[in-house]
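The structure appears below as structure tokens.
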Amino acid sequence: MLEGTEVLTTAQMRAIESAAMASGQVTGLELMERAGRAVAGQIRLRWPKAGRATVLCGPGNNGGDGYVVARLLHRAEWRVRVLGMDNTPGPDAGEMRRRWREIGGIAPLTEQELQSGTESDVYVDAIFGTGLTRPPEGEIANILARVFGRGGDGAYYCRRLVAVDCPSGFCMDSGKAPALPPGRGTFDSPARLTVAFDSPKPGHLIGLGPALCGELVVADIGLRQWRERHPGGLGQRPARLEAIWPRFDIRDGRRIGVPLSDRLGKHSSASPHKYGHGHALILAGGPAKGGAARLSARTALRIGAGLATIAPPQDALPEHAGQPDALMRRAIDGGGDLREALADSRINALCFGPGCGIDRSADLLAAALPARRATVLDADALTALSHDPALMAALHRDCVLTPHMGEFARLFPDLARQMEGPKPPARLRHVDAGDPGRLAQFSADMARYNCEMIEWTQGPAYSKLDAAREAAARCGAVVLLKGPDTVIAAPDGSARLHSAFDVPWLATAGAGDVLAGMIAGLLARGFQPLDAASLGTLIHAQTARGFGPGLIADDLPDLIPAVLRGLQKSQSSSSVATALPMT
Ligand SMILES: NC(=O)C1=CN([C@@H]2O[C@H](COP(=O)(O)OP(=O)(O)OC[C@H]3O[C@@H](n4cnc5c(N)ncnc54)[C@H](OP(=O)(O)O)[C@@H]3O)[C@@H](O)[C@H]2O)[C@@H](O)CC1
Ligand SMILES: Nc1ncnc2c1ncn2[C@@H]1O[C@H](COP(=O)(O)OP(=O)(O)O)[C@@H](O)[C@H]1O
Ligand SMILES: [K+]
């Protein structure tokens, strides 16, 4: 299981659902029944003993799914309380509400009702899915604040929250959310489980998604043939979006995993010589600055580059006399030396930045970029790039930029601003946040419930994914925007998403240098830039997972062999489709 799980935007999802319904082979009502059945099935799987459930049904089709969940849990002998709205929903949700009414009543979806009565074992959040069109206000705002809020004892009001499609008020395209309880950091939520339909959406994987959603299960609701047939369907969409090492369950037996890992553990027998596995050149900085580049170089060797050479200036060369002995050393004082070194065409991957110094990086990059070797640009090299438009213009499609948010903001300040801003850019065709007075009211409601307003946008907000894609298109290189969630984007719009929220100890000094070395090593081995960056991200996080807390960056390179062995094993097991019946 490596990657290859397609991620769909909500617009793509809606188009696929529409195509399915237009075909006449499936109705919206059937899709809703399947969606509700999937959620009820997941609840029963986790809590097999029938208990008490409160189902919160909103005004649209997400609410329709909720009425199905209520009916099916009731059938399984749960004691179900439904809170719903007194509106006229669409025909499918209306029919599901009617079917529930034959079984039980509907109390008003108010904060007072939610607070009253016996506490439930499970709360089902079917208030809003993809259809939120404006800031919640009044009673709906109150109830959202209550659903996601905590009492004075710090405990969530709604323990064991199961979200239908997404936690309500959450943007599935950006991973942004209107409000969060304060005090426990932003990465905290009462949702134990989110059941999404057909495919993960970007927001489930980036931004606050991984934390807000809790465990994510992607349920099969029978849309596969339309997903695959959809114009520019699976495998044909030029700007394919995929999840790397999806940490969620997809219940349709879809084969997730691409043959990339076949090549990871093995070296090509067609080129048995060490040069067949590439030669990575890691440019190091001056005296007392060599540690970062040494981490990169050691990693490049461990990931399987046939040779790795560390190249500091002459006066720092003696510092690199220690381990590992397998590492070669060569003094490179400036652009002229580097041009000379690159006359050896076997040097096929370069790594610039870690501890390299900004001026030295600028000088060396100016010499190296015209040679068009596969190149990683990190740390000081990114700062040098941000100072010099000519260097930016010299980037090419075999370059991989690995900025964290600070470096990204230096390189692409306008995109970083858009990402941070509360309002989506006009070009994304979304309406803006609307009336400031209503926003203030919403904010006040949140404060009343000890919730703080994080941000609010209507429809998909400008996300980390949008920003990375735009940056890659602009500079013509792969951009890997790192953090707890990593987005890797190629100039053609293809992108990969990875979430490492489970390994916060990876945020340690030097971890980025290791990542840069890993990608350089994979580039040396012949992986394409997008693949090298994706695999590097995956292996990087896996090494941290394997080690656990207490990790320092020096530990990472030597953990790589165990991760490579593990990935090979999981690849062979994932070639057997894990088909599960649709429940
Ligand atoms: N399509 C399919 O086939 C399938 C879809 N499925 C499910 O449908 C979900 C999408 O359904 P959806 O499009 O009806 O959107 P949803 O999230 O329920 O909300 C829309 C309602 O909320 C209202 N509303 C909005 N903002 C508001 C506010 N601030 N305050 C108050 N009201 C507000 C809005 O009102 P309006 O803007 O129209 O006035 C409208 O009434 C999707 O997530 C999945 O769960 C599954 O069954 C599988 C098959
Ligand atoms: N909270 C986090 N959880 C998991 N991984 C993280 C987190 N924050 C950062 N990372 C990862 O750790 C690495 C840090 O890289 P970087 O910021 O360049 O650090 P340094 O410059 O100290 O090497 C990146 O790969 C990033 O994706
Ligand atoms: K929901």
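Backbone N, Cα and C atoms are what each Cβ position is placed from, and that goes for glycine too.
Automated prediction, rather than curation, is the source of TrEMBL annotations.
Since this is a predicted model, take the numbers as computed values, not measurements.
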Of Gly510, Gly512, Gly517, residue recorded by TrEMBL at the AMP site of Lys482, Gly483, Pro484, Asp485, Thr486: Gly512
Co-listed K(+)-binding residue [TrEMBL; alongside Asn62, Ser168] among Asp121, Asp125, Asp220: Asp125
Cβ-based neighbourhood (8 Å from the centroid) of the AMP site, residues Lys482, Gly483, Pro484, Asp485, Thr486, Gly512 excluded: His404, Leu481, His498, Ala500
Binding-site residues (Thr130, Thr133), the one with most neighbouring Cβ atoms at 10 Å: Thr130
Proximal residue to Asp125 (K(+) binding site) among binding-site residues Asp165, Asp485, Thr486 (C-alpha distance): Asp165
In sequence order, those binding-site residues of Thr130, Ser168, His404, Gly483, Pro484, Thr486 whose CB lies under 6 Å from ligand 1: Thr130
Of Thr130, Thr133, Asp165, Thr486, Gly512, i.e. the binding-site residues, those within 10 Å of Asn62 (K(+) binding site) when Cα atoms are compared: Thr130, Asp165
8 Å Cβ shell about Asn62, Asp125, Ser168 centroid, K(+) site members excluded: Leu56, Gly58, Gly63, Gly66, Ala126, Ile127, Phe128, Gly129, Ala163, Val164, Asp165, Cys166, Pro167, Gly169
Number of Cβ atoms other than its own within 10 Å, given for Asp125 (K(+) binding site): 31
